[in-house]
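Annotated repeat 'LRR 1' per Swiss-Prot: 20-43, in sequence order. Among the features that Swiss-Prot reports, repeat 'LRR 2' is placed at 44-65. Per Swiss-Prot, repeat 'LRR 3' is recorded for 66-89. Residues or ranges marked as repeat 'LRR 4' by Swiss-Prot: 90-110. Residues or ranges marked as domain 'LRRCT' by Swiss-Prot: 128-146. For 178-192, 236-259, 379-392, 420-431, the entry in Swiss-Prot reads compositional bias 'Basic and acidic residues'. Residues or ranges marked as region 'Disordered' in Swiss-Prot: 178-267, 363-440. Feature annotation from Swiss-Prot assigns compositional bias 'Polar residues' to 193-211, 369-378. Feature annotation from Swiss-Prot assigns domain 'CS' to 276-374.
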Amino acid sequence: MVRISEDLIRRRAEHNNGEIFSLEELSLHQQDIQRIEHIHKWCRDLKILYLQNNLIPKIENVGRLKKLEYLNLALNNIEVIENLEGCESLQKLDLTVNFVGRLSSVETLKHNLHLKELYLVGNPCAEYQGYRQYVVATVPQLQSLDGKEISRAERIQALQELDAVRTRVLQQETKYLEEREKQKSNANEHPEINQSLSESQNGTQQYPESSSKTHTEAEDEEREFWEKPCPFTPESRLEAHRHLEEKRRANEKEKEKPKTKTPRTLITPDGRVLNVNEPKLDFSLFEDENNCLLLDLHVYRHMDSSLLDVDVQPMYVRVTVKGKVFQLVLPAEVKPDSSSAQRSQTTGHLLLILPLANEDVKPKKRTIRPTSVTSNQNNKKDTRAAPRRELLEVDPGLAGSLANIVPKGQESSHNPQRCGLEERPVSKDFVDDPEVPPLM
């Protein structure tokens, strides 16, 4: 059972900076609360209170909430409307889908002068014949019942038929209460339901541990529980809640169990080594001229080197990166005792230098030594002077001076010509004005 505590209210008062004494709106829905308590002492200024979808069997401890305007108690186990006379400012009361069968208890709401809206849909009393006329006539200040507005003509008619409707309602109420007593006696025959009901009211409800069952058996029991017909009573709702709570606790218990990881197969039973890359790192493997295999493993740049574990074997390499295994089969046998590992300070890559066990004799490459600058210049001069100079063959008869290129007598024809300026004729009607300055 969940009790209303100060910590619970403070967590629900985040919109009010965690202050509960000045709280005007409080939402405690779907908390499995089974009793209303402490709210009337800690939150005197409450105007809106949401308590829907809980397990509250009785309306209590709300009489001191003088400023309360809206109270939502839908989807609970309330059977009687009571203890609301002190809520002087109450304007809206929601009791949807409860177990209110004593409709005569609605007469206590006539003391709430500001009550305008009332919701009783989904209760056993809503099925009584003359239910609406009785409520409209008994609570004269109501303006809306079950979301439907009350007209003046409906109210007058209900007041005129109040005596007959009251007699009819009381008869149906008595019949329902007798059936309710039978339901309680039947519930007493089942000790599990009776125990869960008494424990829920006392706040000492305990949930048994789920036994180990197969998946098929659990599904069959779950289907049988929900498909089994049962009366709609507070006991059946508590039984459904207990079943859901057991299932939730069983799921939490399964989640809390440590999950054992299946070990990764690195070497098969026949001795074959497998390639494994659990950390999903990029790598490159190549051979240099010094008869060494170079393995460049792209380890994360900012990871500490203490989280790396390198194991070099003659035919494979195993690197453990933060508990994840990187294993690579080598193309040739190497010397583990002569191998070395280096870590780049810029990229963070891990370089493994693995000398080959069977070294191949390879020709050494010639190294070209750099020569001095003066020798290069002398060599260039020598190379230029050494080859023979090649010239074009020209007919000596065609040789002449540059002056003979253009024949004489044609010079004037090729000179640039100048265009002469033509003067425009002066008009006969032109009169010279001496005041106008000459054009420059």
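Note that Cβ sites are derived from N, Cα and C of the backbone, with glycine treated the same way.
It should be emphasised that the depicted structure is a prediction, and the values quoted were computed from it without experimental measurement.
When Cβ-Cβ distances below 8 Å are used as the criterion, the domain 'LRRCT' (128-146) is approached by residues 103, 106-107, 109-110, 112-121, 154-155, 157-159, 161-162, 165-166, 168-169, 172-173 of the same chain, each at least six residues removed from its ends. Taking H, G and I as helix, E and B as strand and the rest as coil, DSSP gives the domain 'CS' (276-374) the counts 8 helix, 42 strand, 49 coil. In terms of DSSP helix, strand and coil, the repeat 'LRR 3' (66-89) has 0 helix, 3 strand, 21 coil. Beyond the compositional bias 'Basic and acidic residues' (178-192), the same-chain residues lying 6 or more positions past its ends with a Cβ under 8 Å from any Cβ of the stretch are 101, 231, 233, 235, 239. Beyond the ends of the repeat 'LRR 4' (90-110), by six or more residues, the same chain brings 52, 68-82, 84, 116-125, 128, 131, 134-135, 138-141, 169-170, 173, 176-177, 180, 233-234 to within a C-beta distance below 8 angstroms of the stretch. When averaged over the repeat 'LRR 4' (90-110), pLDDT in the model lands at 94.
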